[in-house]
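Sequence annotations record features per position, and here TrEMBL assigns Mg(2+) 4 binding site to A:40, A:54, A:85. Positions annotated as Mg(2+) 3 binding site by TrEMBL: A:40, A:85, A:218. Residues or ranges marked as Mg(2+) 1 binding site in TrEMBL: A:55, A:56, A:133. Marked as Mg(2+) 2 binding site by TrEMBL: A:56, A:85. Among the features that TrEMBL reports, substrate binding site is placed at A:63, A:271. For A:132, A:133, A:156, A:220, the entry in TrEMBL reads ATP binding site. Among the features that TrEMBL reports, Mg(2+) 5 binding site is placed at A:221. The domain 'PurM-like N-terminal' annotation in TrEMBL covers A:38-148. Annotation source TrEMBL lists domain 'PurM-like C-terminal' at A:161-264.
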């Protein structure tokens, strides 16, 4: 572990504090960050005296693979899934903390590329890393907490019968990309790229909150699974109209190549971090949102009035 | 992994959402928590429009051992090291997020005992768990982020020549306990217990901030190492007077039994989460604080005017 430092030092060469120093040099600043990394805690301001916060724990081999994704991509995706949660509350993320576990022989350059990926993804919303922790670990562990400002947080529990359902962002692309990579293929590129680095529609969250969305969540486990969380939390039924979906071209291609129904990816594929929300019937469908279904009395999520007979969304431990 | 549920179900039996439901039922509420676990993000209020935040990543086998500590103790300690960081800023923690990785065959009861440990430790300051994430992992991973209110955050960088150094809490007990357990012994109990569950002097943080502490940190890596962070950040030298320390009885006992200098544990033992701070010479030593040294021009930390010839503090990757 104590190999001498070289032009391409490992984390073990640099040590905990050496690594933290290099990370600090790479991290930016916004008006909310009163004190960034390097002290016992960071100090962050809010606009209205409240903040929203969300955490994710990402593990090598389970949530990402070093042979499939670059460190920059892994950083971007780890940031994206947390920033997306803040957006799904109708908020804008301002600050992140990152807990990082890594083997001592990991090149420092890998960690710094990952941090650059974090900062590049955070640039979409103006957030920065404000703190974290570093420890030695057999495999890479990335624990992210995102904090942000939300004037009117939109919960999962507010959907009402009569509301319509709409989404913004991409559906099925990342799932099709995962299926592609799992079979050892590297194209279609759009799908593979979407698995490596999702493109959440961050601005659509505050936009939906601004026009009074009654409930909202991001699609991380799959559209049906995540709408199931809204249906459960709101005590309502949701029915989707399959004819309203436009299957993205790369998703159709993957479906054909792998002999799978492309709608499976759209309805059950995770990791695209689209936003899905419900709106009162009096609310005009916001620009960039697509209406896909209806809220009614009852429970559960159906497609064209019936349970969907396809693969179900991802759930850990199952 | 899909063994049938029993009276003692595993995490694999319950699944991600089943486990989260049981955790939610165990988590309390305070006036700052506008929305707790179960949505995309939690919603937390602050008193003055700012908050402080700190993260730690704790790994089984590295930061805790299931054969040394109960799940309740592990939860308490994981909470303590984060709550202590907030206290070391002069703040009071209000909310925690917990990322939890665990093998599918871990009994649910273990996880819930750990959560109870978290909540019991949080009760010292009135904080609660407001969110988190659960994922499958070979070994247990606990990623904690604590957020809190601090009217006047006290940084590590404010120590000035002429200030005095004081600490509050315990020094050396946890380190002596670790040495004891490492040799296969289980007593003295006070030391072993201190390693399992530290007792940070949470209230001493806001107290020190209130009387104008110029710098402060908590002792997680060892007194000399953590004072080194203050000396570095403040650009000053710190000298400690060894005669001002009272070596706790169990620490003296362990030193004698293991043939080690008891002052090693006091000066370099980590994990007690004492607070150490600097105060202007005009400030009366606050109740519960012990004066142990002096700030001067220069750099580095010395004891009785000389470099300390003992074991150094813990650093990851070294």
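For all residues, glycine too, the Cβ spot is worked out from N, Cα and C.
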Among A:132, A:133, A:156, A:220, the record's ATP binders - longest CA distance, Å: 31
The domain 'PurM-like C-terminal' (A:161-264) - residue tally per DSSP class, helix then strand then coil: 53 helix, 13 strand, 38 coil
Cα separation, residue A:40 (Mg(2+) 4 binding site) to residue A:132 (ATP binding site) (Å, whole number): 10
Interface-adjacent binding-site residues, chosen from A:156, A:218, A:220, A:271 when a CB lies under 8 A of chain B: A:156, A:218
By Cα-Cα distance, the member of binding-site residues A:55, A:63, A:85, A:156 nearest residue A:218 (Mg(2+) 3 binding site): A:85
Least Cβ-crowded entry, counting other Cβ within 10 Å, from the binding-site residues listed as A:54, A:55, A:220: A:220
Chain-internal residues near residue A:85 (Mg(2+) 4 binding site), provided their CB is under 8 angstroms and they sit 6+ positions away: A:54, A:56, A:146, A:218
Candidate binding-site residues A:40, A:63, A:156, A:220, A:271, pick with smallest Cα gap to residue A:133 (Mg(2+) 1 binding site): A:40
DSSP three-state assignment for residue A:156 (ATP binding site): coil
Fewest other C-beta atoms within 10 angstroms, as judged across A:63, A:156, which are the binding-site residues: A:63
Cα-proximity to residue A:220 (ATP binding site), 10 Å cut-off, over binding-site residues A:55, A:63, A:271: A:271
Residue pair residue A:156 (ATP binding site), residue A:63 (substrate binding site) - Cα distance, angstrom, rounded: 25
Secondary structure content, the domain 'PurM-like N-terminal' (A:38-148) (per DSSP, counts of residues): 33 helix, 45 strand, 33 coil
Set of same-chain residues at least 6 away whose C-beta sits under 8 angstroms from residue A:40 (Mg(2+) 4 binding site): none
Which listed residue (A:133, A:218, A:221, A:271) has most other Cβ within 10 Å, given these are binding-site residues: A:218
For residue A:271 (substrate binding site): DSSP state (helix, strand, coil): coil
